[in-house]
Each structure stands twice: as C-alpha cells, then as structure tokens.
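Colleague: According to TrEMBL, the protein carries these features:
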{"type": "BINDING", "residues": "A:GLY12, A:PRO13, A:SER14, A:GLY15, A:VAL16, A:GLY17, A:LYS18, A:GLY19", "note": "ATP binding site"}
{"type": "DOMAIN", "residues": "A:5-184", "note": "domain 'Guanylate kinase-like'"}
There are 2 protein chains.
Amino acid sequence: MREKGLLIVLSGPSGVGKGTVRKAIFSQPGTAFEYSISMTTRLPRHGEVDGVDYFFKKREEFEALIEEGKLLEYAEFVGNYYGTPVDYVRETIDSGKDVFLEIEVQGAKQVREKFPEGLFIFLAPPSLTELESRIVTRGTETEEAIKGRMKVAKEEIELMDLYDYVVENDHVDAACARINAIVIAEHCRRERVAVLYKKMLEAE
Amino acid sequence: MREKGLLIVLSGPSGVGKGTVRKAIFSQPGTAFEYSISMTTRLPRHGEVDGVDYFFKKREEFEALIEEGKLLEYAEFVGNYYGTPVDYVRETIDSGKDVFLEIEVQGAKQVREKFPEGLFIFLAPPSLTELESRIVTRGTETEEAIKGRMKVAKEEIELMDLYDYVVENDHVDAACARINAIVIAEHCRRERVAVLYKKMLEAE
C-alpha cells in the first residue's frame with residue numbers, strides 16, 4: 001500500500017535565497033524529492049538544456065497550455081511566461097514521490113488555490129529574523145530608515161499567512177535541515193498514517 | 001522575545017518500547033528537551049534517587065495533590081499512584097523549553113483534555129507496521145490467529161485518533177530521528193512563528 005507523495009512549495013520574498021536553498025537541498029546525497037522543472041517561453045541561455053533546466057516552449061504553445069488548464073501556476077516577467085506544468089506534479093505525487101517547487105510568492109498563491117493540500121514553506125529573510133535586534137539597536141538609524149524597514153517587515157509578515165511553515169534562512173544548511181525535518185514530520189502526521197492503516201485493514 | 005516551549009507527549013500501546021525510545025532521545029548529545037520526572041507513591045528501588053528517577057511521595061501527599069489539581073495526569077497501578085506534576089511542566093514551557101513526557105495511553109488522554117495544545121506522538125509497534133506483510137503471508141497462520149491479530153491492530157489504530165503524529169518504532173534510532181524532526185517542524189509552524197513576529201512589530 002503506497003502513500004501519496006507531498007507537494008512541497010518553497011517560496012518567499014524575492015532576494016531571500018530560495019534558489020540557493022533549493023540547489024543545496026538537491027545537492028544533498030539521497031534527496032528524496034523530485035524537482036518540478038518549470039516551463040518558459042524565454043530562449044535557453046548558454047548551456048541550458050531543455051527538460052533539465054526548463055521546458056522551453058513557444059509563446060503560442062504556452063498560451064494553449066494556459067487555456068487547457070495545464071499549468072499549476074504561471075506568470076509573465078519581462079515579456080516571457082514562466083510556469084509549472086500540472087501533469088508532471090500530479091503523476092509524481094500519485095506515484096508516491098514528493099515533488100518540490102521553488103516559486104515566487106504570486107505563483108505560490110495560485111498553487112494554494114488549486115492544491116490546498118500542498119505543504120507551503122515560507123523562506124524568511126534574515127533581515128526579518130533580525131527584526132528584534134534591529135529594534136534594540138535603533139539608536140544608530142534615522143527615524144525614516146527604521147519606518148521604511150518596519151513597513152517592509154510588516155508586508156513580509158502578512159505574506160506568511162498563506163503558508164504552513166516559516167523557515168528562517170539564517171544559514172543555508174540550517175534552512176535545508178529545517179525543510180527536511182518538516183517533510184519527515186508531515187509524513188508522520190496521524191491523519192496521513194491512520195488512513196493507510198485503515199485501508200490495510202479494509203483490504204482484509 | 002521568547003517562544004513558549006512545547007509539551008511533547010510520547011505514548012503508545014504497552015510493550016511498544018516507549019521507555020527505550022525516551023532513553024535514547026535523552027542520551028543524544030545536545031538534546032534540547034527537558035524530561036518531566038513522574039511522581040509516585042511506590043517505594044524507591046535500589047539505586048533510585050528522589051528528584052531524578054521519580055519524586056517519591058506518601059499516599060496522603062499524592063492524594064492531596066490530586067485534590068488540588070496539581071497533577072496533569074495520574075493513574076493507579078498495583079496499589080501505587082503514578083502521575084505528572086503540572087507545575088514543573090507549566091514553568092518549563094513558560095521559560096521557553098520543550099518538555100518531554102513519556103506516559104501510558106490513559107495518561108495521554110488526560111493530558112490532551114487539560115493541555116490540548118500539546119504535541120501528541122503515538123509510537124506504533126512494528127507488529128502494526130507489518131500489518132500488510134502479515135496479510136500477504138496469511139496462508140501460514142490459522143484463521144483464528146489472524147482474527148485475533150486483526151482485532152488488536154484495529155484497537156491500536158483507534159487509539160491513534162487522539163494523536164497528532166504516528167511514529168513507527170521499527171528501529172529505535174529511526175524513531176528518535178522522526179521525533180526530533182517533528183519537534184523541529186512544530187517550531188517552524190507559521191501560526192507559532194507569525195505570532196512572534198507580530199509581537200515584535202507591536203513592541204515597536
């Protein structure tokens with residue numbers, strides 16, 4: 001009897017280091033996650049391989065996939081589309097493997113709507129985790145600089161509401177260890193495990 | 001700004017190995033949990049120290065504490081009381097440390113009522129996790145033996161409903177690793193972390 005895989009969505013403010021953490025997770029020996037390769041209409045850069053770095057598509061192909069509901073999320077940046085193909089995600093989860101997405105905050109919102117049972121992890125910038133010490137050392141900053149930082153911090157905290165977990169990116173290795181722990185813990189959740197046991201008994 | 005500690009309750013059917021797993025967790029270097037010492041009316045055995053192995057109390061002292069509501073849970077076994085003093089648990093949690101209880105299923109039920117925000121972990125016996133393979137190899141057992149085992153398995157699965165997590169005790173080290181991961185993950189839960197950030201901002 002096989003448990004379904006988890007959809008793990010890592011997101012957070014731009015510049016927080018999502019890509020670095022994702023690369024570190026996939027460079028660990030024995031990583032059990034499947035990385036969901038994004039689809040884009042931008043041209044391959046030197047050395048990028050179709051099906052490895054991205055699925056490279058023509059604009060009309062991408063728009064046809066949007067129409068058919070084949071994208072879990074998508075966005076347009078600087079004239080190019082970027083998105084996550086839904087079929088790969090569903091097939092991998094159904095096969096019992098965990099899928100890992102590393103996407104922008106706007107994309108995470110779309111995924112939450114379509115896939116509420118996903119596991120949403122917010123990567124918090126050290127600037128946010130250092131909020132308290134910044135308040136303490138405020139004497140060294142102008143009133144305006146403090147207000148600006150506080151405004152940004154407030155906006156970042158409001159973004160968290162959509163997520164199940166918040167991981168501080170104080171150090172890449174520490175952030176990866178927390179993400180791994182979260183996935184292990186989620187596989188131990190009673191709802192998930194009890195359903196499996198009950199199915200086994202019913203199969204009797 | 002300090003986060004409150006967690007109350008971690010490890011329980012499960014008798015004979016599952018709760019004590020062995022608890023000892024292994026506390027023998028790890030750098031364990032961050034505080035072990036909640038039980039209170040009992042039984043006499044100290046050779047080598048047992050008051051305040052280390054147990055708090056040893058007279059029957060009338062123990063009954064007075066029950067009356068005063070000073071026990072998070074208690075039970076009577078073979079003429080002696082065993083219980084968990086509530087003050088130590090509350091004080092330790094308030095100081096920001098995680099408290100670890102290893103108790104019987106009946107005690108865990110009492111704790112859940114008084115402390116619903118605790119983290120309840122069910123240690124599942126390997127006999128339960130091997131349910132599926134047993135079904136497959138049923139040809140080697142009498143019909144009656146299979147029915148008996150299935151009845152026990154069903155009862156064990158029903159017990160799980162009270163818990164947040166189920167950890168299979170297939171190997172002591174693996175069970176400890178899962179418990180540690182669960183505690184790390186719980187400290188990353190958004191509700192918990194966001195409250196702290198919001199408090200920091202309000203302190204502004």
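Just so you know, glycine gets a Cβ as well, placed from its N, Cα and C.
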Colleague: Using a Cβ cut-off under 8 Å and a sequence separation of 6 or more, which residues in the same chain sit near A:GLY12 (ATP binding site)?
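Modeller: In sequence order, the residues whose Cβ lies under 8 Å from that of A:GLY12 (ATP binding site) (at least 6 apart) are A:LYS18, A:VAL105, A:PHE122, A:LEU123, A:ALA124, A:PRO125, A:LEU159, A:ASN169.
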Colleague: Specify all same-chain residues, apart from the site residues A:GLY12, A:PRO13, A:SER14, A:GLY15, A:VAL16, A:GLY17, A:LYS18, A:GLY19, whose Cβ lies within 8 angstroms of the center of the Cβ atoms of the ATP site, ordered by sequence.
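Modeller: Filtered neighbour residues, in order: A:LEU123, A:PRO125, A:ASN169.
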Colleague: Would you mind listing, in sequence order, the residues at least six apart from A:PRO13 (ATP binding site) in the same chain with a Cβ closer than 8 Å to its Cβ?
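Modeller: Within the chain, A:PRO13 (ATP binding site) has Cβ neighbours under 8 Å at A:VAL105, A:PRO125, A:GLU156, A:LEU159.
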Colleague: Report, as a single number, how many Cβ atoms besides its own are within 10 Å of the Cβ of A:VAL16 (ATP binding site).
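Modeller: Its Cβ has 22 other Cβ atoms within 10 Å.
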Colleague: So for A:LYS18 (ATP binding site), how many other CB atoms are inside 10 Å of its CB?
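Modeller: A:LYS18 (ATP binding site) is surrounded by 21 other Cβ atoms within 10 Å.
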Colleague: Identify, in sequence order, the residues in the chain of A:GLY15 (ATP binding site) that are 6 or more apart from it along the sequence and have a CB within less than 8 Å of its CB; answer 'none' if there are none.
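Modeller: In sequence order, the residues whose Cβ lies under 8 Å from that of A:GLY15 (ATP binding site) (at least 6 apart) are A:PRO125.
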Colleague: Have a look at the binding-site residues (A:GLY17, A:GLY19) and report the one with the fewest Cβ neighbours inside 10 Å.
Modeller: A:GLY19
Colleague: Give me the long-range Cβ neighbours of A:SER14 (ATP binding site): same chain, 6+ apart, Cβ under 8 Å, in sequence order.
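Modeller: A:GLU104, A:VAL105 - these are the non-local Cβ neighbours of A:SER14 (ATP binding site), listed in sequence order.
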